[in-house]
Amino acid sequence: MNPDILRERQNATFDIEKLTNILDGGAERTNRRREIREVLVLNDPDFDYGTPTSLPTMILKLREYGISDPVEINWYKSMYWGTGREALGLHYVMFLPTLYTQCDSEQFNKWVPLIIGTYAQTEMGHGTHLRGLETTATFDPATQEFVMHSPTVTSIKWWPGGRNPLFLPLIFLSIPLSASLFDLFLSGFALPTCSGIVIGDIGPKFGFDAVDNGYLKLEHVRIPRENMLMKYAQVKPDGSYVKPLSSKLTYGTMVFIRSLIVGNAGIVLSQCCTIAIRYSAVRHQSEIRAGEAEPQILDYQTQQHKLFPLLATAYAFLFAGQYMIDTYNRISGDINQGDLSEMPELHALSAGLKAFTTWTANTGIEVCRMSCGGHGYSRSSALPDIYVEFTPSCTYEGENTVMMLQTARFLMKSYRQVQAGQQLSGAVSYLNKVHHRVMAPQAVSSQLDLNLNTLVDLYEIRAAMLVELAAQSIQQESARGKCQEDSWNNSTIDLVRASDAHCHYMVLKMFRDKVDQIEDPGVHSVMSTLAHLYAIHGMGNFTGDFLQAGVLTGAQVPSVSKCLKGLLAEVRPSAVLLVDAFDHHDKMLNSVLGRHDGNVYEAMFEWARSSPLNRTEVHESFHKHLKPLQAKL
Ligand SMILES: CCCCC/C=C\C/C=C\C/C=C\CCC(=O)SCCNC(=O)CCNC(=O)[C@H](O)C(C)(C)COP(=O)(O)OP(=O)(O)OC[C@H]1O[C@@H](n2cnc3c(N)ncnc32)[C@H](O)[C@@H]1OP(=O)(O)O
Ligand SMILES: Cc1cc2nc3c(=O)[nH]c(=O)nc-3n(C[C@H](O)[C@H](O)[C@H](O)COP(=O)(O)OP(=O)(O)OC[C@H]3O[C@@H](n4cnc5c(N)ncnc54)[C@H](O)[C@@H]3O)c2cc1C
């Protein structure tokens, strides 16, 4: 064990195992996760880490072990595939959930156990604007079939992930069967017997290489009427159409994935913090005091300023992910019972948090990579691969700007309800006070009140102010004679800013609520410090908002920075222990810099020597190209 890492792990002020249990949702969950990891994967003789051939093995093993719980499937898959995406990701997180939520019972029993599929919604011309999708589904009562067709080049289905060139069970959206409704169909295509189908791969991408993203062009292809997913909407044999309770029920799978992505952003950020902080504990560079030994780079204040707010953010997003999934499960349960009353709130929350967490994590991964210097740029660190695999999450499952505007739509609607005298409940209840809040600068001392509850209140006031400013922008545009749509478009910068502040407040509130539930004094103390760091760091980044909201005075601004520096110093002794609590196994992290034992340099040399370019003393290209050239010179 590297001596630096060993020293970092002495004098722990909190029980790491208890913190790991909190992250897992209890000691039993930790034990089960480790059982899957250690027993069912690492000690399984059939386990051939991460090679393509192990994909069929993985599926058969999941069935052999009877692992069907989505969280446990993900634990198993993440051990198998480490930090990379794998070809079946879309099957498990989109295709299956769509069958679970959109099939009637007969369809469910017929399809769920049997098939592997993809989710083909996006077209070359439309990914965001679903009401613009062009693929048609025309019912033919004479044959009881739907005729599926791609009428234009822009209607070609583009991006479906994990499409199998041989068999194409896929779920796709077609354009409205009536006014503004969409419907989902399960293809029954089997190539090459099915004529009228043109499929292929969309070509090389930025990354995501384990997933083959394809295209699908349909030329009047017929599928049985029964292939329309009919839990919520039906087409009867006579061609009559039964509308769903809400046209947005078809969007349910996207809400589910967005909810999952929130926690996933926390997991990915926790992986990167583990790598960067462990490496920063063993890397010595330059000097602080002339003539003394080179310090650990983790002792540089700038290094702490790069990494510790991200460490706090990783914990914040992991707790937000728990809250999001609990909320999704609760509200989707109500929806299943026909109560759609909270569907708008679920959509607004999942859309906003998906955008907020993925944008922040995306930037954070790069900060972690750059904080590791040159070795961060090496694939041995795993950080470049993590970035390449994560960054599309800002685009897929709802492009982030568009998602923030969906949340803004809900905030504006809520604000108008308050103006009309209604009393709001739920995540936007803070808007009830927006008219009664003293927005003038409060007479406060130059010292900042560090109480976490006070900080949550300040974020709430900031969000309320930005919601009000966005609403006022729309009203001002309207007063200038702009139509409603142009007034909205001319205010979208303010609307995204209001949604971002709303999400920031929600995440801090969830973090504070989680800290309040922690009973162990040591864990409570270190988590409270991280929650403070998360809040103060955000206040430092958005000082203007807090000044504008009148909850921070010019005299207090220097104390924000002073307080931040104090919190960084407070986190320093626990930094390595806090990433140990994430409990990422070396095999899964797959990072030379993030090894649990901290023996970076020896491992890096071995990693480099194993490179294919080092298989021979002299690379074959010398004999093939250079030597013949030398002979001619
Ligand atoms: C286990 C760990 C894994 C974690 C995950 C990791 C990796 C992820 C795995 C896989 C990802 C890989 C590939 C990605 C796959 C894809 O990308 S699939 C395709 C995804 N595509 C989208 O997300 C499309 C985005 N566009 C939309 O959702 C909609 O077009 C829109 C932007 C929401 C607009 O819809 P529209 O019908 O035009 O509605 P409009 O804006 O007009 O609003 C009307 C009202 O409808 C409400 N509403 C909209 N959406 C929903 C919804 N989903 N639920 C409930 N309500 C909704 C909206 O709020 C409006 O309500 P009002 O009351 O009228 O304001
Ligand atoms: C790695 C990867 C995997 C994918 N896998 C799948 C899959 O398996 N199945 C599938 O169906 N799809 C998949 N997709 C497609 C993905 O869902 C779409 O790319 C995504 O929904 C964004 O839509 P778009 O590409 O049309 O972007 P666009 O919407 O064209 O975005 C382009 C720009 O326009 C802006 N914009 C668009 N609308 C508005 C608006 N109303 N207001 C303000 N700005 C706006 C956006 O903010 C963005 O800056 C995948 C994409 C990627 C990158």
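Placed from the backbone N, Cα and C atoms, the Cβ positions cover glycine too.
TrEMBL entries are annotated by machine, without manual review.
On a predicted model such as this, the values are computed, not experimentally measured, just so you know.
For the domain 'Acyl-coenzyme A oxidase N-terminal' (58-115), the DSSP-based tally of helix, strand and coil residues reads 40 helix, 0 strand, 18 coil. If you look up TrEMBL, you'll see 58-115 marked as domain 'Acyl-coenzyme A oxidase N-terminal'.
Annotation comment: TrEMBL describes Thr122, Gly161 as FAD binding site. Around the Cβ of Thr122 (FAD binding site), the same chain contributes Lys157, Trp158, Trp159, Pro160, each under 8 angstroms and 6 or more positions distant in sequence.
Summarising the annotation, TrEMBL assigns domain 'Acyl-CoA oxidase C-alpha1' to 251-412.
According to DSSP, Glu397 (active site, proton acceptor) is assigned to coil rather than to any helix or strand. In the shown protein chains, 24 other C-beta atoms lie within 10 A of the C-beta of Glu397 (active site, proton acceptor). Among the features that TrEMBL reports, active site, proton acceptor is placed at Glu397.
The domain 'Acyl-CoA oxidase C-terminal' annotation in TrEMBL covers 451-629.
For the pair Gly161 (FAD binding site) and Glu397 (active site, proton acceptor), the Cα-Cα distance reads 12 Å. The number of other CB atoms found within 10 A of the CB of Gly161 (FAD binding site), across every protein chain shown, is 23. This prediction places the mean pLDDT of the domain 'Acyl-CoA oxidase C-terminal' (451-629) at 96.
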